[in-house]
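Before any comments, here is the structure.
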């Protein structure tokens, strides 16, 4: 395979030579001589097309781009477009005075063996740099960094158009920044030519105005950009949080709340800030680099090409040495850790060392590790010096080369002294901008790659079925468990419910009792559609529970737990929580009276507008239960689930709840499931289910179960027995 690749590369080289050598006269004879620039571009584009097809064939044979082969495509582009680009800039710089002989001379010069070789030598580092920049945006995992960046910017919606305005202001600001180098060159020419003072003063004022305008445009650009990115931050936070809320209940069992919260808040904020900050710098320095490049070509296309050819050598070689220095620094740290380990082992086992009289042996061992580290330290220091020296010398050589070549152009009258001064200032800023861009690309890739954390939640499909569509206007509230089995997602092998079958009838109170761990609270969770049965069916009015619309179902089914959670809001907001309408104050007060919450709420100075604190921590357990019961009653549910919801209530409020369940006018249309360990509540229930190991062990009324003398009676007697 390697031999075929080298043979194909040699054939491409030969084709390139033949294209430039024997085919030139034929191509030139077919083109209009009055448009010399057209000839150059036709040859360049033809060369690019032919060589590009050849490269595609080579990459196809090798099943993709690997190693140096990946640089073939940018190499072909650099070779093919270099001369047309040079001819175009010469045309622009000469204001249309490029002659036919100039274009022909460029092409025939490039077909000479020495020039042909020089063009390849010059294009190779440029292609390597091109490939390096391209690899920074290579696909990471299953996503492409560019696609992820576009998706992040997609959160801007219509406001994404503001970025075009930002780019325009940015370019104008960068152009304004060019005033100082430009006028510095002009002032240099005036000083050398003894120009009058008014011209000098006028141009100083013009330079100042352009600089101030550039600063104002930069300020406006930054302001619009930051406001736009702030909109993106808020939108991303909202969408991520909404995506989390869509997940099934099992998702929150597998993932700790702290981890989810960190992902929604801190990780999302860090990713958004990192992307917006890095993108801002990237756009700014890219705009500067492009503006500087235009002014450099305008000043001297020849010196600009010299600068571009040397850029790869200026940055790639120090980068390579930097990797060597970094690897040596890692080895030094590893060597230091080993020497530290030797000392730690000796000191922690000092009695053993002394009992074997091996103090000198441990000292020699430690010294050996230090010698190894010393050798690595020397290599690291040399690599660091080489990196710094190479960076300094390569930059200095480029500056000296530009000054030398520019001086030759000044001597020949091709450019003025002022133009050379301006070009040097442009070139210094341009190399700095390119250096910053090269350092920003990895940062940008890392920032965009971190957005995978966000997309992991945004793209996650909930395991629970989608919301159904049933929303009948008349519902009875008949609940049927038919051979229901269930295991929690985080413990799929542990069956909590097994073959559970029972019916809850409208207008009745059914008490569900049993020992801890028998599955009582799981029944309540299934009735709220927080989980779906792993076996059997759960029906509401003859229809599977998952077929009901999500919002409709939870207006008909309400639950109160033993330790209900309230939100850090007012009593009024907590009672009205989740309603799709705004209840009147009379409705809120009425349900608060029913639940026994009205009396203590009225005792607060701000009444129903009093904040209850985070998770209701300013209230007692009984007060939280009373507010939660009011929150359930205001929905006027057909199915009310009380999961030990009165355990913390005082005697008066418990009596109030009993009246609510058994004497309220609404009880005839309400199905109640009462999960409790309180005998006073269970005894009055119309029907009692005794749950044992996930299935119904006994059922009947209180008197029937007591006469039967089974597990229910044993539990009642155990609870009634005095404590020893």
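Just so you know, glycine gets a Cβ as well, placed from its N, Cα and C.
Going by the topological domain names that Swiss-Prot assigns, residue 188 and residue 417 belong to one and the same side of the membrane. Counting other C-beta atoms within 10 Å of each candidate's C-beta, the binding-site residues 617, 620, 623 are led by 623. One residue stands out among the binding-site residues 514, 517 for having the most other Cβ atoms within 10 Å of its Cβ: 514.
Here the transmembrane segment (163-183) has Cβ contacts under 8 Å with residues 153, 156, 203-204, 206-207, 210-211, 213-215, 217-218, 220-221, 224-225, 228, 283-284, 287-288, 290-292, 295, 421-422, 425-426, 429 of the same chain, all six or more residues outside its ends. Non-local neighbours of the transmembrane segment (204-224) in the same chain are 162, 165-166, 169-170, 172-177, 179-180, 182-183, 187, 280; each lies 6+ residues outside the stretch with a CB under 8 Å from one of its CB atoms.
For residue 521 (Mg(2+) binding site), applying a Cβ distance below 8 Å and a minimum sequence separation of six or more within one chain yields 561, 643, 675.
When DSSP labels each residue, the topological domain 'Cytoplasmic' (326-394) comes out as 65 helix, 0 strand, 4 coil, counted as helix, strand and coil in that order.
Annotation note: residue 623 (ATP binding site) sits in a helical segment as assigned by DSSP.
Around the Cβ of residue 520 (ATP binding site), the same chain contributes 512, 513, 514, 643, 675, 691, each under 8 angstroms and 6 or more positions distant in sequence.
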